[in-house]
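Participant: I have a structure here, written as structure tokens, and I will follow up with some questions on it.
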Amino acid sequence: MQQKILLVGCGKMGSALLEQWNKNIGYHIFVLDPSTKRGYESLASLPVKQFNIIVLAVKPQVMDKVLSELTRRVTSSLYVSIAAGKTLKYLEKNLPPNQAIIRTMPNTPAMVGKGMTVACANALVSSAQKTSIKALFENVGQFEWVADETFMDAVTAVSGSGPAYVFLLIEELAKAGAELGLPADLAMKLARQTVIGSAALAEAQKDIPIETLRKNVTSPGGTTEAALEILTDPRGLSLLIQKAISAASTRSRELS
């Protein structure tokens, strides 16, 4: 029998998952999202009330309300949350007793099958359920389990929020190129393709340390070295990244 998934919330992250799941898996996916109108607009309108998996893809700030309404209307043998900060303990408190629960942190490159998802599970999740969820998220990219839930705030800061940092880098590279006189469209093309190509190279040569790939571009006394002397200054990029990741991790804990 075809397994049934209820995707609750179809915003940016929910849509990214749905895009690939619709292409690659044999599950019957029901979407519940009144704001985007991409599926059913209310719990009452759902033709099915019992699911194999319910994926919670709503913002952390509205999770209390969503769970309160959801648990009165539908049931599932497994709940999977992708909400930043919401801990297994929080979910256990707000879902029915003795419920199998998995907390995950995917990211938006899932939309093109290049995502990264990290997950942890409570003690009631079976080996079969873990296998099923691993396969589900491997349809949108790479997947890792962690036994220690405390890692999830750092995972959120590095990977969950990470695509935004990369997109900001593209913006800033393009802006700097334009300030040096390049046409804006050319500067953006150079910045975008440089990041795309560098990521593809890192993937193709994954056995080579990233540090080595960086050094391969850096000739002594050359242009790259001149730029890296600025970026690697103790008060430069490294410090900014540490502060940014720390801020994101702290915010993830606050959302719990």
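The backbone N, Cα and C atoms fix where each Cβ goes, glycine too.
TrEMBL labels come from automatic prediction, so no person has curated them.
Annotation comment: TrEMBL describes 4-85 as domain 'Pyrroline-5-carboxylate reductase catalytic N-terminal'. Positions annotated as NADP(+) binding site by TrEMBL: Ala57, Val58, Lys59, Pro60. Annotation comment: TrEMBL describes 149-255 as domain 'Pyrroline-5-carboxylate reductase dimerisation'.
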Participant: Mean pLDDT, the domain 'Pyrroline-5-carboxylate reductase dimerisation' (149-255)?
Facilitator: 97
Participant: An 8 Å radius from the center of the Ala57, Val58, Lys59, Pro60 Cβ atoms defines the neighbourhood of the NADP(+) site; name the other residues of that chain inside it, in order.
Facilitator: Gly9, Gly11, Leu56, Gln61, Val62, Met63, Val66, Ile82, Ala83
Participant: DSSP three-state call for Pro60 (NADP(+) binding site): helix, strand or coil?
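Facilitator: Looking at the DSSP assignment, Pro60 (NADP(+) binding site) belongs to a helix.
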Participant: Sorted by position, what residues of the same chain at least six away from Val58 (NADP(+) binding site) have a C-beta under 8 A from it?
Facilitator: Val8, Gly9, Gly11, Val66, Ala83
Participant: Check each residue in the chain of Ala57 (NADP(+) binding site) that is at least six apart in sequence and keep those whose C-beta is under 8 Å from its C-beta; list them in sequence order.
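Facilitator: Expected: Leu7, Val8, Gly9, Cys10, Gly11, Met13, Gly14, Leu17, Ile82, Ala83.
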Participant: Given a separation of at least six residues and a C-beta threshold under 8 Å, show me what packs close to Pro60 (NADP(+) binding site) in the same chain.
Facilitator: Ala83, Ala84, Gly85, Lys86, Leu255
Participant: Is it possible to list how many residues within the domain 'Pyrroline-5-carboxylate reductase catalytic N-terminal' (4-85) are helical, extended or coil according to DSSP?
Facilitator: 30 helix, 22 strand, 30 coil
Participant: For the domain 'Pyrroline-5-carboxylate reductase dimerisation' (149-255), what are the DSSP-based totals of helix, strand and coil residues?
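Facilitator: So the domain 'Pyrroline-5-carboxylate reductase dimerisation' (149-255) is made up of 84 helix, 0 strand, 23 coil.
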